[in-house]
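Here is what TrEMBL says about this protein:
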- 65-83: transmembrane segment (TRANSMEM)
- 89-110: transmembrane segment (TRANSMEM)
- 122-139: transmembrane segment (TRANSMEM)
- 159-177: transmembrane segment (TRANSMEM)
- 198-215: transmembrane segment (TRANSMEM)
- 235-252: transmembrane segment (TRANSMEM)
- 343-365: transmembrane segment (TRANSMEM)
- 385-405: transmembrane segment (TRANSMEM)
- 417-436: transmembrane segment (TRANSMEM)
- 442-465: transmembrane segment (TRANSMEM)
- 493-515: transmembrane segment (TRANSMEM)
- 521-545: transmembrane segment (TRANSMEM)
Amino acid sequence: MTLTKESFHGALPPASEVTKADMDSTREKEEALLQSVTTSGAVVPRKRAVGRLVMHSMAMFGREFCYAVEAAFVTPVLLSVGLPKNLYSLVWLISPILGFVLQPVVGSASDHCTCSWGRRRPYILGLGIIMLLGMALYLNGDVMISAFIGERDNRRTWAIVITMLGVVLFDFAADFIDGPIKAYLFDVCSHQDKEKGLHYHALFTGLGGALGYLTGAMDWGQTVLGYSLASEFQVIFFFAALVFLVCLTVHLRSIPEVPLRYKNEETKILLEVTESYKYSSIEEEIKNGYLKSTCTEIKAAAKPGKCAVMSHTEDQRRMTLKSLLKTLLSMPSHYRYLCVSHLFGWMAFLSNMLFFTDFMGQVVYQGSPYAPHNSTLYLTYKTGVEVGCWGLCINAISSSAYSYLQKILLPYIGLKGLYFIGYLLFGLGTGLIGLFPNVYSTLALCSLFGVMSSTLYTVPFHLIAEYHREEESLKLQDGEQAGEHGRGKGIDCAALTCMVQLAQIILGVGLGLLVSVAGSAVTVISASTVALIGCCFVAFCVRYVE
């Protein structure tokens, strides 16, 4: 059923003298409700307060805080528990393979999720719990195993297994959670608020990363917490878990979602959110029976607090994996080109970030993670890792600053200019670091990493929003319902996020072998090369909406 303004008024019964006063007093509420429904029947989200968008962005703050902890410590942790070099690539392969296979499935499932809490938030909560579990295992695995196993060889083996499991779980959930968060933003915000929301996401991503790297750069062993807990890694876990739990809770309570319901396997029920941020029906909004049961489809389908405004077929709701793959392959070419450019960007970014602290320890400071822990070589390596954390902190701060600068640059250079500059500066910066591995020049050039980070978290998703806006406008011109297409925003965001997992798979197969043969220096050179290739792809292949 399509609910239009004309049919809406045509369905109203004649007003009696008794109800006329109530009708007059509630007409403003009715008009406000009608403004959220277009003539095509699609619900247009109303304008969101800045505070709500900031609350929504807190998930990115907490996620990036934990990501920063992983980027700073995962390589030293894996090497310190004695992980063999030939298993190092395996760690980076398992999680992205799982994510690459399951991400589109979950993206499509969230598009058609009928949970009363909303479509995206149940997935965000579940993935957040998995993130915490993975972080607990890889930061505390060695201590946990030492408490239960006394024999040295068995303890080492189990410590490696538990730590690897923790890294896999954390990476899987942390990469996975980005898609539902972005789809959640797109669902509940107007086009203008989507742009603001993406900029706030990038801003808080940078701030979370800066705080996470700063936490990793501090020497917690000499503090009260360091003496109280078994290791420095446990102190880091305490702070990371606390920050993430607070941020996740704020995010989940930021903006009420618009849940879906189904009537007779064909009618999809969409909840409209009132100004008090509570779900309420039209009957509750316009009191004293101003709207009666004339709109039978609505009354039959909706429970108290629900309003049916769109229709959907069962075969679209229950997408099998086969039909899902068909949907992905049938995506318009400009979506596929955007995914490829996103793949180049993440390959370049991850090849640098995953090995950066190790690069600082081994190449810049000339230390060794394999030396005895009381030796000068190992202590030098540890110093390099700490300085690398400061470099990543600079990267995160510059990411926040650049995300704000993007809003100023966008009217002048457009999305194409922002996309191109991000890849170009990152490629030049990593190339110079590889050629001149000096402490001070490396730290200065870390600011260019933040430009790339902010670009990857904003511009591709901004383009997705532009593509959907263009498609909906064309459908309205053709007289179709906006939103009546096989792909939802969830699956498009998932397809884009899949490129992160695919980048990890490629790096796990290729870069891990190169590092074991040529050392960490090869990572920054590879990052520079891939970024400059992606720069050309962004300039000539990606489509930009005028």
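If you go along the chain as it appears here, the first residue is 1 and each next one adds 1.
Here the Cβ of each residue, glycine as well, is placed from N, Cα and C on the backbone.
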Stretch among 65-83, 89-110, 235-252, 442-465, 521-545 sharing the most Cβ pairs under 8 Å with the transmembrane segment (343-365):
521-545
Counting a contact as 3 or more Cβ pairs under 8 Å, with residues at least 6 apart in sequence, do the transmembrane segment (89-110) and the transmembrane segment (159-177) touch?
yes
Are there 3 or more C-beta pairs under 8 Å linking the transmembrane segment (198-215) with the transmembrane segment (442-465), counting only pairs at least 6 apart in sequence?
yes
Report, as numbers and ranges, every residue of the chain located at least six residues beyond the transmembrane segment (235-252) whose Cβ falls under 8 Å of a Cβ in that stretch; write 'none' if there are none.
55-59, 61-63, 65-66, 69, 73, 121, 124-125, 128, 131-132, 135-136, 139-140, 181, 208, 211-212, 215-216, 220, 223, 225-226, 229
